[in-house]
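Visitor: Pasting the feature list from TrEMBL:
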type	residues	note
TRANSMEM	A:26-47	transmembrane segment
DOMAIN	A:87-285	domain 'ABC transmembrane type-1'
TRANSMEM	A:91-115	transmembrane segment
TRANSMEM	A:122-146	transmembrane segment
TRANSMEM	A:158-181	transmembrane segment
TRANSMEM	A:218-241	transmembrane segment
TRANSMEM	A:261-284	transmembrane segment
Amino acid sequence: MITLRQAEARTPARERRRRADRVRETIRFAIGFALAAAFLIPIIWMVSGSLKSNEAVTASPPQLLPDGLHWENYAAAVTYIDFGTYITNSAIVTVFTIAGTLLACVPAAYAFAVLRWRGREATFGVVLFSMMLPFPAVMVPMYLIFRQLGMIGSLTPLLVTPFVGQFITPAFSSALAIFLLRQFLAQLPYELIEAAKIDGSSSLRILVQILLPLARPILVTVTIMTALSSWTAFVGPLIFLSDESLNTLSLGLQQYQSQHFTAYNLLLAASTLFVIPVMVLFIAGQKYFTSGATSGAIK
Amino acid sequence: MRTSLRTRGRRRTRGEGRHAVWYLTPWGIGVAWLVVIPSALALYWSFTDFNLFNEPKWVGFDNYANLFADPVFLKSITNTLFMAGVGVAVGTAMGLGSAVLLNRSGTSTTIFRSLIFLPAVVPPVATGIVWTFILNPQYGLLNAGARALGLPPIGWLSDPNFAKYGLLMMVLWGSVGQVMVTFVAALQDVPEDILEAASLDGAGRLRTFVSVVFPILRPVLLYNVVIATLFYFQFFEQAFVVNPTNLGAPAQSTLTYALYLYQQAFTYLKMGNAAAMSVLLLVVSSVVIAVFFAINKRMER
């Protein structure tokens, strides 16, 4: 029991602690705010630059606010380069990459997570290894193989690789997709499958009718990660596409920078247009992005 | 207790093995076609004078010897190791710091976390373009801030002494948020009651962090260090974009290993050298991966 005296003696200390907590919370908020602002500034700078006149973009000292809203930059940006072709190529590559990744990686993950066969763990070691394999280590021989097959100078290398589970970017890869899908499928209750087996369902039927509906969250995560990384991919397209008319938007922007270096505001407008679809996707499915980023780290 | 798919008995049936082959066929073709064969070819070409147009002729270890006698090659290695060292340390520290800071529920912290993560989804090419503007010594935002504080402007991408830091800034801008979310996810696994018990025992914040929280974070820390190390070993995109027509400028201070590999192959058409560099990268990365798995296994015990 607390006597009145003890309670009185404690009050100032508690008061002090509460005040210290409040100060700490305020500092925490201030640092958090400053950090978040610092990370947001480059994006604001890109958008604001895309609305400036070209003189204002390179004004010294920099102008924080645009000199009027030059929306015409956007119209000019998409005609200055072959924006329509580039964005179409990016879209084609992205659609094929998603389709290919799902078609190649879902069955593979199923074989690793659910089916029982000799050498499963050892084979899965290959997945783990290729998850971390640096693309530059294989890009030159890959290029030469595609060249031998006459595929350089077309979109084909980018369209084919996902279907054989070899889509690789620094951010995401088919191997990581297999890994994430396998993790998810492996923790589903086995009774589900046992029961379906007793009912005489084939293994394909178990995958399609029982497991895939349950795996929706991880399928969405993998789809989003694949979409993001193929939309923004740079090294693969740089090496495999040698024809300017085949450029994806990543490459188009980069060439734009090196060739038409005078139109900075248009470059920023084109970059903004490039980022917008990704931002929309991010706002719509933020939890899938973060779960995609964490699921490799957290078991 | 329900059995999960992973923990059930080891009984295997022949039928499932046959099915597994079918399910693994596309991936298996890919591994053979685009991993095994390329690696084998790279190994072979690394011992030849292949230049894309000739019949490869065996030259033994000449390519390797030439590379290690090439100051630019050595420069690309020190550049890469330097950026890996600084980038991994700073990126991990910032990611962990912001995770500890923002490991709260509540609207404001959630928004802060989203904003710090946001750059992770910006395409590297766009990142490179925007940061080229921000880091410019004349009209750049960063130097305007520096000047306001009375500091001299710095050529963050044009001065060989600073270009690596400029490049690191733009990479960290995109990666800190990703490191942060992994640590936040791990921090949520720290059991509330253990923290309470520790504080009742009179353990200070630092003490609690070191002896209770840190062991839970350790696997995630290891994961982030390995992923970041492997990222810098193959660092290419932003480094390419900031100087697309003059790779590695200024004065080869931003020439990464991967950029030099690319130059050897596609600028100089020295496929033998490029193959040798591929092999070296493959070997070094494999060692890093193996060490990672070994440490991971030991910690699980």
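Cβ atoms here come from the backbone N, Cα and C positions, even for glycine.
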Visitor: Determine which recorded stretch among A:26-47, A:122-146, A:158-181 has the most C-beta pairs below 8 angstroms with the transmembrane segment (A:261-284).
Guide: A:26-47
Visitor: Where else in the chain does the transmembrane segment (A:218-241) make close Cβ contacts, counting only residues six or more beyond its ends and a cut-off under 8 Å?
Guide: 90, 93-94, 97-98, 101-102, 105-106, 135-136, 139, 142-143, 146, 151-153, 155, 157-158, 161-162, 167-172, 176-177, 180-181, 183-184, 212, 247-251, 254, 277-278, 281, 285, 288-289, 291-292, 295
Visitor: Which sequence-distant residues neighbour the transmembrane segment (A:122-146)? Criterion: at least 6 residues beyond either end, Cβ under 8 Å.
Guide: 108, 112, 152, 156-157, 168-170, 173, 175-176, 178-179, 182, 235-236, 239-240
Visitor: May I ask for the residues of the chain that lie six or more residues beyond the transmembrane segment (A:26-47) and have a Cβ under 8 Å from a Cβ within it?
Guide: 268, 271-272, 275
